[in-house]
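Pasting in a structure now, in structure tokens, and then I'll have a few things to ask.
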Amino acid sequence: MVRQRKPVRKKRRWIPVCGLLLCLAVFFGWNELGEKLDTRETTVWRNGTTESIDGNTFYSKYMILVRLSDGQTLLQKNSRERLYPASLTKMMTAIVCLENASDLNRQVQLSPAMFERLQAENASMAGFQPGESVPVIDLLYGMMLPSGAECCEGMADYIAGSEAAFAALMNQKAKDLGMKDTHFVNTTGLYDEEHYSTAYDLSLLLSYALNNESFRAIFTAKSYTTTPTQLHPQGMTFYSTMFKEMDTAAFSQGEILGGKTGFTDQSGLCLASLAEKDGEAYILVTAGAPGNHATEQFNITDAFAVYNGFC
């Protein structure tokens, strides 16, 4: 269950006004955050037949639920429409790293040059310092759990010599996987008009990446403690940005096993997750949910609603 934000106490005299505004919002199709609701239908597959449900059933504008055993799509909403993937990009960054780094214990020195720029762009950081030497495996956990941008760019420099050259590897991998409406220009998911994907394409990526044992271990980790370095003699402990927003990962007859969150102003709240229910494994990719890091995490709210109702 998603962790609830502590409500703010409001004075009673505003209750009638708030009630009126809520009624108007529902009537005109706006949500509680003042954003236009997506009223397009969501398609569900049940027992070989299709049905449509109200697009307002979920917060996310884009979504796809896939059963891994046979690749069957069970639910989709705008899954072939372009979206900005935000930090879901880091799933591709991680799998390309894993397939091109022969030694996961190899030390990588983080170039000081990238830090000031990443901080100016308000990129999420894992906490490594300029010039710090870090094992590859720690950078992989750093890019996936706390969503550290310095880990992504450090690995890009190590493997390909530059972020642009590494993005070319990402695009080649996307082509190999049949991700026909995807294009990457960076390793982090920071907004760029030419950096886009679809929920369907991202489901192809996640389905493929989960076959890699190291990727799966990282994707399903709730926390990870790094190797001690000169700058971090006790190491650092990372926590999954998804799991820390949950009171519990369990749902009816199942459990969310792992996930990667994402957010930019342009992409909204995003989530790619893996769950198991009644012995079957499922992946869900959602994007475009309203809110931000300070609000309820509607991407996670949607995940529980989908896994509970449609698996």
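Numbers here mean position along the shown chain, with the first residue as 1.
Each Cβ is built from the backbone N, Cα and C atoms, and glycine gets one as well.
Annotated domain 'Peptidase S11 D-alanyl-D-alanine carboxypeptidase A N-terminal' per TrEMBL: 57-290, in sequence order. Annotation comment: TrEMBL describes S87 as active site, acyl-ester intermediate. Summarising the annotation, TrEMBL assigns active site, proton acceptor to K90. For S147, the entry in TrEMBL reads active site. According to TrEMBL, the substrate binding site annotation covers K260.
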Would you count the other C-beta atoms found within 10 angstroms of the C-beta of the residue listed as 'active site, proton acceptor' for me?
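The residue listed as 'active site, proton acceptor': 27 neighbouring Cβ atoms within 10 Å.
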What's the CA-CA gap between the residue listed as 'active site' and S87 (active site, acyl-ester intermediate) in angstrom, rounded?
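About 7 Å separates the two Cα atoms.
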Sorry to bug you, but what's the C-alpha spacing from K260 (substrate binding site) to S87 (active site, acyl-ester intermediate), rounded to the closest Å?
8
Same-chain residues six or more away whose CB lies under 8 A from the CB of K260 (substrate binding site)?
S87, L88, K90, M91, M144, S147, F219, T241, M242, L271, A272, S273
